[in-house]
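Report on the following structure.
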Amino acid sequence: MNDYNHYFHFPREEWRKLEVSKDQILTAEELEEIRGLNDRISLQDISEIYLPLIKLIAIQYHEAIFIHGEKMEYLKKKESRAPFIIALAGSVAVGKSTTARVFKLMLDRWFSKTRQVELVTTDGFLFPNKVLEERGIMNKKGFPESYDRDRFAKFLTDLKTNKEAVEVPLYSHFTYDVLDETRMMHNPDIVIIEGINVLQADQHESLFPSDFFDFSVYMDAAEADIKKWYLERFFMLRETAFQDKSSYFHQYTKINKKEAETFALGVWDTINGVNLKENIEKTKYRADLVLHKGTDHLISDIYLRK
């Protein structure tokens, strides 16, 4: 399937008219703190796009809690509901990380911090660089085979079986590698899982990650636009984070701009662009909701599964 026949289509102007009882729940300063590099999200986007979306997620959350309560009462069981899991997928450089941080902060505010909301990135479930190098797939980092799917499946199972403490692996974009340390999550109510691979399915597995999700979102844009944003972000990082001598990518600050551009284009054409076409984009129609961005990096259309 490669169309939106099973989705309601909301152009931005229609979506923004959806009634939301709560006022703006983020300040300009807070948005600036969580905004990703080269992301053009504004308070207007928060009001017109994200506030109605957070209300929709809250409706889904309350519905899940109600159904669970009714089921437990009927079955005469006393088991608390597992965390409500929101999956957020999409290409590199499309704005997933910023959107995930916006989701977390806005859900915290929506529920007046009466619900524990956690954010997890699937980067932590990549195999360490050492393993990728041993297997000869360092140039496939981000592809399905570069992830520890067993570890990710255990993580999701632990969440959905109400394990009291769930281990979360950590990743550093600075060192470009999985960290040795982890963090623990304790009884979250809502978990946002962000990553390029969250909606991918391995046909050899008995369970798909999507089996564990309560709501899923795909960040979409034309490939030409994503490629442009990727290059813009690369050069912004080259002038900032890459300047640190400890950065994995520091070496690319020592070459001239043309050489750096050739390198970045090569990464896109042989890795990120290929992964988008072969693996990531195919998962779009598995999502409950698709947020489509225009050339200006702003969300222009929303597609909600019927």
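Indices start at 1 and increase along the chain as displayed.
The backbone N, Cα and C atoms fix where each Cβ goes, glycine too.
Here is what Swiss-Prot records for this protein:
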- GLY90, SER91, VAL92, ALA93, VAL94, GLY95, LYS96, SER97: ATP binding site (BINDING)
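Here the features listed in Swiss-Prot are placed on the structure.
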residue: GLY90; record: ATP binding site; Cβ contacts under 8 Å, 6 or more apart: LYS96, ILE196, TYR218, MET219, ASP220, ILE280
residue: SER91; record: ATP binding site; Cβ contacts under 8 Å, 6 or more apart: ILE196, MET219, ALA221, ILE226, ASN272, LEU276, ILE280, GLU281
residue: VAL92; record: ATP binding site; Cβ contacts under 8 Å, 6 or more apart: GLY142, ILE196, ILE226, TYR230, ASN272, ASN275, LEU276
residue: ALA93; record: ATP binding site; Cβ contacts under 8 Å, 6 or more apart: ASN38, ILE226, TRP229, TYR230, ARG233, ASN272
residue: VAL94; record: ATP binding site; Cβ contacts under 8 Å, 6 or more apart: MET219, ASP220, ALA221, ILE226, TRP229, LYS293
residue: GLY95; record: ATP binding site; Cβ contacts under 8 Å, 6 or more apart: GLY36, ASP39, ILE41, MET219, LYS293, HIS297
residue: SER97; record: ATP binding site; Cβ contacts under 8 Å, 6 or more apart: GLY36, THR121, GLU194
GLY90, SER91, VAL92, ALA93, VAL94, GLY95, LYS96, SER97 excluded, remaining Cβ within 8 Å of their centroid (ATP): ILE196, MET219, ILE226
Where LYS96 (ATP binding site) sits in the secondary structure, as DSSP reduces it to three classes: helix
Protein Cβ atoms within 10 Å of LYS96 (ATP binding site), excluding its own: 23
